[in-house]
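Visitor: A single structure is presented below for examination.
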Amino acid sequence: MALRPEDPSSGFRHSNVVAFINEKMARHTKGPEFYLENISLSWEKVEDKLRAILEDSEVPSEVKEACTWGSLALGVRFAHRQAQLQRHRVRWLHGFAKLHKSAAQALASDLKKLREQQETERKEAASRLRMAQTSLVEVQKERDKELVSPHEWEQGAGWPGLATAGGVCTEGAAEEEEEAAVAAAGAAGGKGAEEEQRDVEVVAAPVEAMAPPVEAGAAPMETQFPHVEARAASMETTEKLERILLQLLGDADQEKYTYWGQKEGDLRSVETATSYFSGTTNPWSRASSEPLPVQLPASYSYSYSSPFSSFSDIPTISPPQATVTAPVPPQLPSDWEAFDTSLWSDGGPHRIDHQEHPRDRRYSEPHQQRPPVYRRPGDWDCPWCNAVNFSRRDTCFDCGKGIWLQKPH
């Protein structure tokens, strides 16, 4: 008996059906043999063998019928086995789906935890950033308080820095002016101690009031101090200072005045300090010894009476253009050796008292040389009195004659 009713893998659930199929296969011995031989094969191969048997004409009909019933039993068995495999696959897919679902839930939980962690970290970072910004603002405020510029501090304190700086910067110039004023007052001869002290104070006061030199790279004084416009009047102070010096030095000898002309370079420091406020600049190059051309009006004529008229005749000239050069000192008689032809005053030649000015004797000795006169570009020598004048002056501060006048021949 090929089919067994107790075999669940046969695919048949009823025993009478199994008995009927076994009876049909038992009509020929080939029926049960065909069933047992092909029980492990696939349905396609079983069908191919059955087709070969049915097409063979030499095979009897009983064999063909028994093989056909065996093929039917194998087909049911293969169908039952395929159903079992399908159920196993479905159960596996259900389990796999559950696994995916649980994995997705776990991933969602992890993602939620990660988002919460990131949000917490973001809030902490934002809090630290705000604290850092607050600390930075406080540090900047402390730095600004510590790094307040001296000018801003002077603004808050009533501008004490200008007077202090002016006193420091002009201290050296003031001392030199005082020494020069004392020497000039001593040369005048007719003044007492009180008058000399008063003259020195008058000379030194405008110098100390001058503005200090401005350092390179410093900000413009107009933007630092509100009272810069008042400093513009320092030019007038300089003019007054020169007039005072001329009055004090009116009776001094030419050597004294020549020495004072050499000290004019010291007065340059004061002029430089004032020229900053008036917007003028002085170059620091060497002075040229070339003649200075001066344009004169075409219709101008001037007749000048020289104090040395006994030595030369003064013609009347009216040139359209003149050249001012350093004049050659006139040749004086031998009996004039004891005199100094100073043109700084209107008194003419004066007798030099060597006992009155002992410290100026070093310039009269032949083996001593006068210190050089320091010049700047544009400074000019007066053709009449040989005094050195600043480039900004149009008239000689000694004799009062203009640069545009032709020197008498």
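Numbering starts at 1 and runs along the chain as it is shown here.
Here the Cβ of each residue, glycine as well, is placed from N, Cα and C on the backbone.
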Visitor: Looking at 1-25, 151-175, 276-300, 376-400, which one does Swiss-Prot call zinc finger?
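Guide: So the range that Swiss-Prot calls zinc finger is 376-400.
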Visitor: Tell me, by DSSP, whether CYS385 (Zn(2+) binding site) is helix, strand or coil?
Guide: coil
Visitor: Counting other CB atoms within 10 A of each CB, which of the binding-site residues CYS382, CYS385, CYS396, CYS399 comes out lowest?
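Guide: It is CYS399 that, of the binding-site residues CYS382, CYS385, CYS396, CYS399, has the fewest other Cβ atoms within 10 Å.
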